[in-house]
Every structure is written in C-alpha cells, then in structure tokens.
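Scroll down for the structure; my scribbles are underneath it.
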Amino acid sequence: MNTRPGVPLHALATHLEQRRGVLVRRWIRAVRADPALERIRGLSIAQMFDGVPPILDEVAELLRSGGETVVPPARGDHARAHARARWRLGYRFDDLYRELDLFQRCLRQLAREFFSQGNWDRDVQAAAHQVIENFFSAATHAAIRRFVEEQSAHVDTVNRQRDDTARALERVEERLRMAASAAGLGIFEWHVPTKAGVWENRLMYAITGRPESLGPLSCHAFVRELAHPDDAEMLIRRYLQAMENRDEFHCQFRIRRLDDGSVRYVEMHGRFRSDAHGAIESFVGTLADVTRRMLAEQSLQEADRKKDAFLATLAHELRNPLAPIRTAAAIIRKQQTAEGDDVHSIIERQCAHLARLIDDLLDVSRIGTGKIRLQRRTMDLRQAIRDAVEINVPKAREHGQAIDLSLPDEPVWVDGDSTRLIQIFSNLLDNALKYSDDGKRVRLAAGVSQQVVQIVVADQGMGIPTSLLASLFEPYVQLAPASSRARSGLGIGLSVVRNLVDMHGGRVSALSEGEGRGSTFVVTLPLAAEAPSAAPSGVEPRPAVGQDGRAMRRILLVDDNHDALDAMAMLLVDHEIRRAADAGEALALVADFPAELAILDIDLPDMSGYELARELRKSPGMERAVFVALSGFGTPEDVARSRAEGFDHHFVKPVDPEELLRFLGDAEPGGAARGLN
C-alpha cells in the first residue's frame, strides 16, 4: 500500500487532467438538471464553459504541490475571475455557490473513481478530498470577498453619482430660482386630484400679498380669494380647456392683492404633468406681475388713440379752408375768361395736392393700425390706371413732361378696391414726375402673365442709390432732392403704396441702376379668379344742375365757416338757397323754408350735424328731404356714422364741385339717389 500522500495525489492530478472532458460534460449535465439554476441554463455552452478548464488546472496544481491544507492567497485566481464574469452576467451569489458546489461534486466523483481502481490508503483519499474541499472553500470565500468589494465599490459609485446629481440639481434649481427672481416669476404647482398647492419661491407671496406664514393657496382658493371677480370665470374656462386639450396654458388676468386689496395685472404660464398611466397629475406654472407692462400698453393705446384723433382733427381743420377755396375756383372758372381759367387751374392743382397730402398722412396711420378696409369688387384694372393718369396729367403738362401709357386691349379683371388702386398708381406717377426733370417722359405699362398682372412705372429721373433701395418703402424716407420740386411731400407716399399693394395680395419693388439713371417701380397683382358675367356698362357723365332744364331745388346750407357758405351759395346760384351758420339758425329757417336738400357741416358750434339732421327731419315738409354731410372728417368710421345717423351721402372737404353738382342734379327727395360714398 502506498501511504505517501504526494505520490497518489500527483497521480490523481494527472488523472483529473486526462478526464477533463468527462468532468465538463458531467458538470454541464448537473447544472442543466438543477432546477435552482434556471439563470445558468440560459447561457450558451461557451459562456458556461468559460472558467472551468483554468479552475481544474488550479486544483491539479494544488494536488501536485503536496496537498496544503491552507490554500495560498495566490491560488484561486481563476475561480475569482470566473466569479467576476458571472457577476457581470447578473448572477446572484447563491447561483455562483450552487454552480461551484456542483463542480466540486463532479471532481470528488472522479477522485472516488480514481481511488476505486487501486489499493489506496484511507488517509490518502481523505487528503485528496480535503484538498478539493479547501480549494473550493477558499475560492468561494474569495468570490464572496470579491463580490462584497465590487458591490461596495458599486454602491460607493452610485452614492457618489447620486450626490453629484443631487448637487448638480441643486445648482440648476438655484440658477432657476435666481432666473425666476430676476424675471419676477413666482413658481407654483397644483396637485390636480387634490387641488393642493405648493409655492416654490417667495415671489408667489410677494406678488399675491399673502403672508408666508399662511402657506400656499390651493387651486380653488387661488381663484376664490385672489382672482378678480370679473376675470375668474375666464380664468377657470381657459384652465379647464387647456387641461382637456393637454395644451400649454397662458392667461392674463387681474387679481386683488390679499394685503391691501389693490388690483394688479398678472400673467400665468403653465403646463400639465401626467403620471406613468397618462392621467393628469399636476399643473406646474409661473406667475408674473405685469401691471407696469399692461399700463404701458394701455398708455400707448391711449396715445395712439389721441394721435388718430389729432390727425383726424388736423385733417378736418386743413380741409375746412380748402372747401371755400376749391368752390371759389369753380366759380372763377364759370366766368370763362383766360385769366379765370389760369387762376382756376392753379388753385385746383394746389387744392388737389394739399388734399392728397392730407389723405396720405391719414392713410399711414390707418394702415399701421389696420383701420383701412378695402371695398373690393371685380373690376377692370385698366380704368383705375387711366384715372390715375388723368389725375397726374395737369402736373406733367405744367413741367413739359409726358406720360406714355400702354395697356392691354382686353379687360384686366382684378379683385380690388377701385379708389385704393387709383391711389397706388397715382402715387407712383406723382413720385416719377416729381423726381424727373422738366421735359422728361414717364412710362406706365401693364401686361398679363400667368394669372398676374404686372404694372411698370419707369422714369428718366434722378435714380435711386443702391443703399436706399431696401428702405425706400419705409415711412418718411425721402431721397436727397435734385430740385426744389422734389423736396415737396411728406415721404409717406411709397409706404402707402406698399401697404395697399400688400392688402391686395400683391407686391411692389423698386429698381434703379444708380443715381442719374432713372428708376422703375413694378407692381404685381393677382388676377381675379373669374371675370364678371357681364362687363359693367360705362356710366355716361351726368350734366350739372341747371344745364338740362331741371327745376330749381330748395337747398339748406349749414356751415360755421362763412367763406365756405358764401362760396357754396355762389356755386349753387341756380337753386333757391338758404344759409345758416349754426344749428339754431337752421332750425329757425326751415319753419318757412322746407328744404328738399340739406347740406350740413358735422362740426357745428351749438349742435352736431348728426343731431341737427334728426331735428330737421321732424320739421314739416322735410320728412323726405335728402341729407348730405359735408365734413372735414373723412375716415371710414366717420362715413359709417353718417350712414347710421341717416345721411344719404357723405362728402369730404374739399369736395369736387362738379361731383357735388352731379349728385344734386340726380338726388330726389325720398332717397332716389341715396347711397353713401
């Protein structure tokens, strides 16, 4: 019997190495058969086989070393590496322990088979089994230590990351609080199911005037105690609508501060948060006191209103003296003398120029505030262009200039406002003539292509510097004048042109090769979707009153401008006229003079023209009279009010005498020729 442990243990090591394949197969079968190792059975053969050969080599080496009862620390490295690999695959410790235990059992079985083939001493067998047990015990403890070390390191890393994240979050929250404070934003949260509130910063208390010691208000209490009674319903409606649609929430409303009861304007922004199941959980928002901004906006609106009122009054005051001047010019023309014609032409041109400047000045304000409303209809653009040319012909002749007009032979149907289209092309022609020297020609041409009409106004004038082309259509921009004539104007005509073209769905551009090379303006407008079923028939000029044998009219004139009264009476000399400088005088006159037509100034000293018209209609014999407003106020709102007050027509001073005479010639008592302009 061989009793020296070294010899049989060495032989056992060799036997185990030779039976490596058998060992591995038995171990794999054992692992797959163990119901507790479901996680391991899911591994591939390569993953399961991962650390087995090196572990067997370590056991064999330990057997050859003589079978130390204590495994040196250097031994078991491969077992520890195998354990680390298993940790990374998500093993639990009991999984690894069970796996190593099965491997140890397989090794013992091979050892028993080896010892059963010879007459080995029991002490030798015991020593072999002790070496195997010591190895796996040491390997298991080493794996435990490694696991604990790695878990500790992982916990330390997680804790460190958590602390870093917490500190980063605190820095972010601090920056957010600073930003919110700088922006004057209070931050709050409402828990939707319970309506409870959380106020995240002190600004919520500062904005609402609620003492911090009382804590935040719930959603319901906020509306009940803070929201202005006139705004509460609107606030609730918008909040519920945003909740239903899962939209961003934004609302401006008033609150009554809880400390002093003062009314403040606030602005609330917020959004709803949902839980993991999609149910709305909370509402997170900001609150800002915007009282100063709102008051500033109201102040700007009031300033804008005052500006509009000032411009309207200015226009009225400027038009009032123009009215008698233009009427006097018409009377001079009736004298049919060469001197009279010259005087009339001069006065007429200057009145028309001043009236156009007034209209442009008002239009800039109206367009900027969106107060112009186009009266659109399907019309032949050629007529608007011809009218614009006709307006500018006298000015061109005065300076020996010529306007070359080229229009298509067929109608050019557009959906537009005739008055505004005439204004567009009249302004462009006026600009071209103004910046061209005497004797030069201006070309106006129109052409149709691909559902648009393009109108070109080209001159031979002073040209436009390239640096000014981009800003040419801004208000109050003017070129350095080449002549004193070019210096006239307010610098707003092209701004009006651009805005009116935009309102018609078109575009306008300016081209120039530089100073002294002339300029070209191009207007592009969309054609109408379809032409009218029948072209509107032309309207023959109507003869003036007194030229066709019509009976004289009884006309009441009321105006506090005596010059205007005198001039209008001279213009209407063919009719029976009564004049009054105020409402009281007018009412006294109609007692014995029931007029067929009443031409009333609106801005009278003792009573407005609207009130006077109502009183005059009550007078016997004037129930069916035609009422005409003649006023320096000519905004769309003014015309609409005249219509509402019962006027049959509204003329803006200075009225064209021929237009007034034509209207009076066709007007019939009872409204046969009614229709406000």
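Each Cβ is built from the backbone N, Cα and C atoms, and glycine gets one as well.
Feature annotation from TrEMBL assigns domain 'PAC' to 249-302. For the domain 'PAC' (249-302), the model's pLDDT averages out at 91.
Residues or ranges marked as domain 'Histidine kinase' in TrEMBL: 313-529.
The feature domain 'Response regulatory' is assigned by TrEMBL to 554-668. Helix first, then strand, then coil: DSSP counts for the domain 'Response regulatory' (554-668) stand at 45 helix, 24 strand, 46 coil.
Residues near Asp601 (4-aspartylphosphate) in space but far in sequence (CB under 8 A, at least 6 apart, same chain), listed by position: Val558, Asp559, Asp560, Asn561, Ala564, Gly609, Leu630, Ser631. Summarising the annotation, TrEMBL assigns 4-aspartylphosphate to Asp601.
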